[in-house]
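Below: the structure, in structure tokens.
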Ligand SMILES: Nc1ncnc2c1ncn2[C@@H]1O[C@H](COP(=O)(O)OP(=O)(O)OP(=O)(O)O)[C@@H](O)[C@H]1O
Ligand SMILES: [Mg+2]
């Protein structure tokens, strides 16, 4: 196994405020890395730092050994990053089809069709390709956001709270889909999750964040209840 | 007053509308995409007229070829301006306003230095100089040309924005720049290309206006106010500008039929102010967060 993504002493800013502080970790090819922590500790900021969407960052960020921290977001995307942001980031004036097509602009192979996989796992989207995305429900938008990220043909899916605001029975469904993407298609996942159960089921490794710093990390088996209680209960 | 002459007024209104619309197209696209209020739009129109004049006078290029050539020339000027200046100012709306105003003065004075302040004229083919009957209205053939070219450009822009991958990129950047960037779209490049496109459209308008009126360094000013009004009333979208131009063009023509041109214009400006008081976002407000 080789290192896919690597952060070395990354500090990330909004304005003059440091949000991520001296952040270091690495993840292996094919892994599912769960990022955990209370509200406001910097999980979303980590995702945005990977995409290059914070105001500024220092330190080194590498994908397959290539340093990307000086590259703008639209170039980083082409390294195979499929981003599913918190709040989903659906373009509501676009149709479902156009939203998925948006993902294809970051493809390494420049293909301009919607890949089969996007519609195969989300039949609802397949039947509503010409519907305005603004009219979808929250759960449907989440499916769309995942389909759009898959259209990139990603090496890594960045999933920021994919189960947030989704009814419990669908949470499992999304968990199953993510597991399939990870285990069968070999797409690496970085996942922020409030549901510890989902994290334990999917994760190979974890990263516990508190106040913008990595406070614990390791294989998921080492994520003890004591650790969870210390850093996640309010 | 008879129905026949009212009908004439309505037909004339379509022609007026097309002139207002073609003046506003470039401005609409630049404002709608990049949020830049281009104060040099009138001077881009003027440059289009002078481009056609030069090509015709020095190279003897036939008028119909001057239209696409003016598009290209003014688009290149727009491209240079965007790369050299505007792109550093996208997050500072007030500064773009001042900068483009400065550019407009430079362009106007520059052209005056080169060509002088005396009017120039564009020659058009014989067949465009006659009048044609539309129903019972007599209208100059050239106004039909303007109408046809405007319709063609609107259709072409619609195709470009709604049927091509470039269009998807432009609309994605308009709605959510961050998400567009996260999916590989280079918004800087999109802004650059739309700015050049908008400038080129002003160039075509100039090549047409140079025939409708005379070519002068200051000619831009007389079109730019209307163009701004169309963009503001329309809300910055292509459809908005089309509808705004259509309605105001007809109103101008019909009011002028009952009173006179100047008074009609006065009424329209008053109506626009009242309209904007109640709907400041314009007819078709653009959804989405532009930066
Ligand atoms: N655009 C921004 N500008 C300034 N500060 C920000 C911005 N976005 C987030 N922050 C700050 O950064 C810190 C981390 O925010 P972040 O969104 O990364 O937290 P999070 O761990 O994702 O929280 P949650 O679990 O609620 O999603 C917070 O203190 C927040 O106030
Ligand atoms: Mg978050």
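Using N, Cα and C of the backbone, Cβ positions are placed for all residues, glycine too.
Record features, source TrEMBL:
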{"type": "TRANSMEM", "residues": "B:7-37", "note": "transmembrane segment"}
{"type": "TRANSMEM", "residues": "B:57-81", "note": "transmembrane segment"}
{"type": "TRANSMEM", "residues": "B:93-115", "note": "transmembrane segment"}
{"type": "TRANSMEM", "residues": "B:135-161", "note": "transmembrane segment"}
{"type": "TRANSMEM", "residues": "B:195-217", "note": "transmembrane segment"}
{"type": "TRANSMEM", "residues": "B:223-247", "note": "transmembrane segment"}
{"type": "TRANSMEM", "residues": "B:254-276", "note": "transmembrane segment"}
Residues of the parent chain within Cβ reach of the transmembrane segment (B:57-81), under 8 Å, 6 or more residues beyond its termini: 40, 44, 47-49, 51, 103, 120, 122-125, 128, 149, 192, 195-204, 206-208, 211
Selected stretch (most C-beta pairs under 8 A with the transmembrane segment (B:195-217)) from B:7-37, B:223-247, B:254-276: B:7-37
The transmembrane segment (B:135-161) vs the transmembrane segment (B:7-37): 3 or more CB pairs under 8 Å: yes
